[in-house]
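*Asks:* Okay, handing you the structure first.
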């Protein structure tokens, strides 16, 4: 108790006017408790409430690759520390000569014994039949002071059931079904998470890894004998491939060169989105590949059709191992063509011209159905890379192609993995992107790096995110069609239901427990695996959603009620309206000029933009913000594209720019707003062409640029499928009626509507009916019974819990506003200085003793000492 007549000490000012002495002891603790209660309730609400149904779909406003990258962040951070320990190692390769042996089980010894003959062909085969290799085999390899036992299983997923080999005699194609299959996947015995991919047709070709090193093995001699005793092999070991990391300048700010990477980091803090439950990335995909070997490749392998084909299959076997592990995608060979007599196109060191020629060859002469067709050539490209393919071209007859130059099996497998990745929408990664996109491997490097990492086997987290983005935009629809059978022979355990089998789990993790025993369904089981099979081994009912629509132009798939597998992936027919009638569906994507600008240019970072705060009307905080690029005003197209200059045109004829007709102005040069210095995809040819005009009382941005991909595609023009008028869309820089595109029509019901108005027309010209409707034209009323087993789609409206939390939060916010307006009496100048200019104003204010310069708000607050500033920050919640 203070003595009578004493003067109370002056209370320190706290970022604003002082409260009356009688109020402060009661209001401050109360306000603190209310704030913490509010934060606790919001935290509980965020962790317990399921996402809304809309959140299950791709949210374009949150970015594209940004949301996907957030999913990879935690895994990347966990592995980053272990990877950094190896930074001191150099990128080196060690070599040894070894004598591998096959382990044979001897009954009288009851053990495995090394055997010098490596051949895995089954004994007692009829001579006129194709060689059949053992389904399982084990090899012993001694090298680098260690003994490795490789347990292998025949990769029956490599060749499709309709696999065919084509060669030429006297200019005419000859077809043969099947082919020798000696390609194995497996692991190192006793080594967790090890991997092996080998071929045994002629010695051991391939690789294996033990989490510390990557080993590559191949026969030392060039003979093709299978009976040679103690055949020597060369084995190589790579370690510490941190050379690409050493090339990185730690002082380089990659954000300035690659603004979308900074945007990713910002958007990750803003919010995180999840894709569909059992998302399309987690679902296994199947890339049906055809390989073509040119005549030089044939001559390289001693003019032997068998040796040439076996080499190519060995390469694809390695690629399949990489894609299966990291991209949940199987690479399946459906055909192999070898030009045994002469080349069918002009083979030369210019890969771009070769790619164009090979695309035409595929369109006119290759009849086999394939998701992608790639040429393997014994040529050395005069180019910065060893392979080239059309970006995002998978599933397209014209663009689903690639060309690859010759190398040893492992090197060529890396090239093929890279060119296929380009077909799947995965970009090359310059050194500037590496700090953000590292694949966390202590060896091997990242597959899409441009630094020439030797024998890389890992996709970076950015590459995986780009693949997800490609799928979520609607690309790769053909990858979801699962083959029912791959290899001719029936084998229990290969993961595919074949003749004489009711189920086949493959690896045990692919089936629910006890549903399938020895490829027969258990008693009472209807299914064993698949999106439409529940944990009780029963089919989900008809109408249960098994694959979400990834965008407006995709079609959701639903279980049929009589199968454990989800129906084939379909999309809406080209020409459907989307994006609130602003766009048109084309190849599974919603095409608009606005979306194209956003995809190419992303967002522009604007530093220190003043924005009004939530609670104090006249106060401001300083924060970074992003402005997304968007399509320019129609005025820009009508003014510039009719001029026929570099600022606006409909293409180029030699050195002359082509003027757009008034009818085609919206299909010419792409004009956007808020262009970044560097595009998200491709490279700017020349320079960005800025333009702005004063139009109808405002300034309109009409900028553009020629953005080229490696395949010479110019993204600087409006893409095919973009709308250019009512019932019109762009095609090859022309504005054409949708009806003129010869799109197959779906059945029309008796009411005169497509699919009777009860469904949508798919890309296969079939009606996909809404619930409770059936028939080829969706005219049959067929209500779905309520089975009580419907999938949880998230809350349809405000639940009681949400309403209670919202009410409490609202009350607390109102209380905070009242206290702020009446008791605290914040001053605009004081509050403004506290957040944005620590150290500028009064020395008596503790919150302003340290001057801070930073791009974000958080460092200001971390360096301020006043508790009231932290309290203001927590109430505002401006940056999380």
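A Cβ is built for glycine as well, from the same backbone N, Cα and C atoms used for every other residue.
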*Asks:* Look up transmembrane segment in TrEMBL and report which of 755-778, 779-802, 803-826 it refers to.
*Replies:* 803-826
*Asks:* How many helix, strand and coil residues does the domain 'EGF-like' (742-779) contain under DSSP?
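*Replies:* Computed counts for the domain 'EGF-like' (742-779) are 3 helix, 11 strand, 24 coil.
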*Asks:* Could you measure between residue 778 (disulfide bond) and residue 566 (disulfide bond) for me? Cα positions, answer in whole angstrom.
*Replies:* 20
*Asks:* Helix, strand, coil residue numbers for the domain 'Disintegrin' (489-574) per DSSP?
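*Replies:* Its residues divide into 3 helix, 14 strand, 69 coil.
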*Asks:* Along the domain 'EGF-like' (742-779), what average pLDDT does this model show?
*Replies:* 91
*Asks:* Specify the count of other C-beta atoms within 10 Å of the C-beta of residue 778 (disulfide bond).
*Replies:* 25
*Asks:* Please report the Cα separation of residue 566 (disulfide bond) and residue 769 (disulfide bond) in Å, rounded to an integer.
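*Replies:* Cα-Cα, rounded: 16 Å.
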*Asks:* Most Cβ neighbours within 10 Å: which of the disulfide-bonded residues 546, 769 is it?
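*Replies:* Per the Cβ count, the most surrounded site is 546.
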*Asks:* Whole-number Å distance between the CA of residue 546 (disulfide bond) and the CA of residue 769 (disulfide bond)?
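*Replies:* So the alpha carbons of residue 546 (disulfide bond) and residue 769 (disulfide bond) sit roughly 16 Å from each other.
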